[in-house]
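What follows is one structure encoded as structure tokens, with my remarks underneath.
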Amino acid sequence: MSLLIRNARIASEDSATLREGDVLVEGGIIRSIGKGLSAPEGAKVIEANGRLVMPAMFDAHVHFREPGQEAKETIATGTEAAINGGITGIVMMPNTKPAIDSAPVVRMVLDSAAKNSRIPVYTSGCITKDRAGKELAGIDGMRGLGVKMLTDDGDSVADPAVLLRAMQYASEFGMFFASHCEVPELAGPRALNEGVVSYRLGIKGTPAAAEEIIIDRDIRLAHAAGAHIHIQHVSSKIGMETIRWWKQRGDVKVTAEVAPHHLLFTEEDIGDFDTHYKMNPPLRTKADTEALLQGLIEGVFDLIATDHAPHTPFEKSQDFVSAPNGITGLETALVSLYHYFVATGKFGWDLVVKRYSAEPRRMMGLEPVPVEEGRPADLILFDTEAETTFSLDFMKSKSRNTPFFDKTLKGRVDLVVLGDQILLER
Amino acid sequence: MPRKDLLDIVSLEREEIDHLLDQAVPFKELFTRSVKKVPALKGKSVLTLFYEPSTRTLSSFEVAANRLSADVTNFAVASSSIVKGESVRETVETLQAMRTDYIIVRHSRSGLPSTIARMTKASVINAGDGAHAHPTQALLDAFTIKEKFPDPTGKRVLIVGDILHSRVARSTSTILKKLGVEVAYLGPGSLVPKVGPENVQRFTNYEEAMKWKPDVVYLLRVQMERQDVQYFPSVREYHRLYGVTEERLRRIDGDGLYIMHPGPVNRGVELCDGVLDYSRSLINDQVENGIAVRMAVLYWLKPGGEVIG
């Protein structure tokens, strides 16, 4: 396939300034970038008219519910949702049923991905068997199938001794750890932040301290073990400051992620028990949101990840406490980041590319995919003038549990190219 | 404009509260007549769906509905399919198919009545959900206070006890503030949230709270069943620090204060025995007024809204 994208603006992680030019893709490679390129015979030509070409996104934190809860999402529907959002690579979390805690389950997942996905699917593996926090999972077997990230996401490893031993053991294999940070005894029914809204709604909240304690504990353990620790979905100001403090020390490898919903929403958005704002860690206060945004701009957060967590409408239509935690994010992340932050001048496209495309790939030991001559084509075309309505027709995910459902935001993913394939064209 | 549902006090306008409290007056007068019934809701069906045990609230709603000539059915949760694992949605769909006009719900989960209200065209009345809201209790409390203080603006009500787990504290303090009453909370530090509602004073010391000069001391039942961890060392210590002891009762009497309590009372915990004979106890007035305000609520709501869930 040959593809010529004319008159585009090109975003990269290295520069806030957008380059202007044409991009020619041939045989899955970005053959040349320049002005006035001529189309090879038979090439598909797209007049970009100022639309953006940029590296495709990579989401290092998604839940695809396969195996075990395919009514919510499968690898097939989840990866199509990713493509719909401009994402060409994902890392699955292992809290499936059964949990991804051994080589046979990893193989099952990878086999399904090979058959059902048009984009690369990576999976993390559990730290402990069945995420129970007691016995170590089948670490070497999973490593042999390419697993790099170990996590019991959905829960912390409650016993610090178990986590420390796991870190000492698995770091020797070059694996790293991702931490869902939460003291279970403080977490209550894990429905919302402890604060004015939890008081108003009469639901026991989860204090930010429940998260902050484990952020600090797990980094200390990684420090002791000489392990790489990645802190997942940080939601609190003090949590962010804790990570910043440890990073400034410089004697432990810490990375961290923030989710778009924690940058965009606060506990006040829950309103009258709206379960589309129920997630774990919970939405916190405006002060937290502002601190997280500052942390992202400063680079305390290495990456943006959605924690895409699909649930069926039936489950989410229960009362607030009974409804499961989590919202979908793959299809809304990039557009919402543009609508709320790039279009309003809070940060530039370079941050989006760095934090949502390049850094997550680097963390997983993969090469970033800049739009440069000679690089493999792994890019998207984004229209900053168009709009996206997140309607049922638009959604490729099996689930629609997002606060953006049926809402319209500025920005649209028009094209997704991976190697020799056009995965999406609007 | 009448509403379809009554789910909380927060969303009620001042005019709506005034209307409901005014409407309860003639309904209460009805109780003195030999025939205590009016045909206002004749032919309408009222269903009570109580997932939590209750004596006074359930019977109060039943009496209120009967006095309006509605047909009342008590949906017996303990013998229903709910114990077989039927979801709330399935239950509500069943009730919807039966063309029930009013569903009165009590549940231990905060927000469940709101969830049900979104699923049905019937009018849903929240009869208490978790620690969230108990709007008819708030209305009867406000009605009772207005009987003693027709213009309650500037009066002071001290709510004492387990504020954290109390739906009564939330709803009653909300309605009182809407009526211009000053509200303060008193209780152990672990049970009086620091981040509570605005304009509510927070006390953790009885003597300090009494210096605030309340007109009404509103005692809450200590709800041991809602306490998942230990919030205070012992009931004895609670009574000593926060209960109305015999000695405190004498001082309250000397200051001419009223006492209220949503019931049932834990004797020897929040209240000493002697308070039951206390001349300015409004506890029985609250029970009687509960029927009148619940009649007003049933009469006011209009079933038949759009189902959005």
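Cβ from N, Cα, C; glycine included.
Because TrEMBL annotations are produced automatically, they should be read as predictions rather than curated entries.
Pulled from TrEMBL, these are the features on record:
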ACT_SITE  A:D307  active site
BINDING   A:H61, A:H63, A:D153, A:D307  Zn(2+) 1 binding site
BINDING   A:H63, A:F64, A:R65, A:N95, A:N280, A:H311  substrate binding site
BINDING   A:D153, A:H180, A:H233  Zn(2+) 2 binding site
DOMAIN    A:50-237  domain 'Dihydroorotase catalytic'
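DSSP assigns A:H61 (Zn(2+) 1 binding site) to a strand in the three-state reduction. Among the binding-site residues A:F64, A:R65, A:H311, not one has its Cα within 10 Å of the Cα of A:D153 (Zn(2+) 1 binding site). One residue stands out among the recorded positions A:D153, A:D307 for having the most other Cβ atoms within 10 Å of its Cβ: A:D307. Closest to A:R65 (substrate binding site) by Cα-Cα distance, out of the recorded positions A:H180, A:H233, A:D307, is A:D307. Within the set of binding-site residues A:H61, A:H63, A:H180, A:H233, the entry lying nearest in space to A:H311 (substrate binding site) is A:H63 (CA atoms). In sequence order, A:N95, A:D307 are the recorded positions from A:N95, A:H180, A:H233, A:N280, A:D307 with a C-alpha within 10 Å of the C-alpha of A:H63 (Zn(2+) 1 binding site). According to DSSP, A:N95 (substrate binding site) is assigned to coil rather than to any helix or strand. Over all protein chains present, the Cβ of A:N280 (substrate binding site) has 21 other Cβ atoms lying within 10 Å. A Cα-Cα distance of 7 Å separates the residue listed as 'active site' from A:H233 (Zn(2+) 2 binding site). In the three-state DSSP scheme, A:D153 (Zn(2+) 1 binding site) falls into the coil class. In terms of Cα distance, the binding-site residues that sit within 10 Å of A:H233 (Zn(2+) 2 binding site) are A:H61, A:N280, chosen from A:H61, A:F64, A:N280. When the Cα atoms are compared, A:N280 (substrate binding site) and A:H180 (Zn(2+) 2 binding site) turn out to be 9 Å apart.
Here the binding-site residues are A:H61, A:H63, A:R65, A:H180, and the one with the most other Cβ atoms within 10 Å of its Cβ is A:H61.
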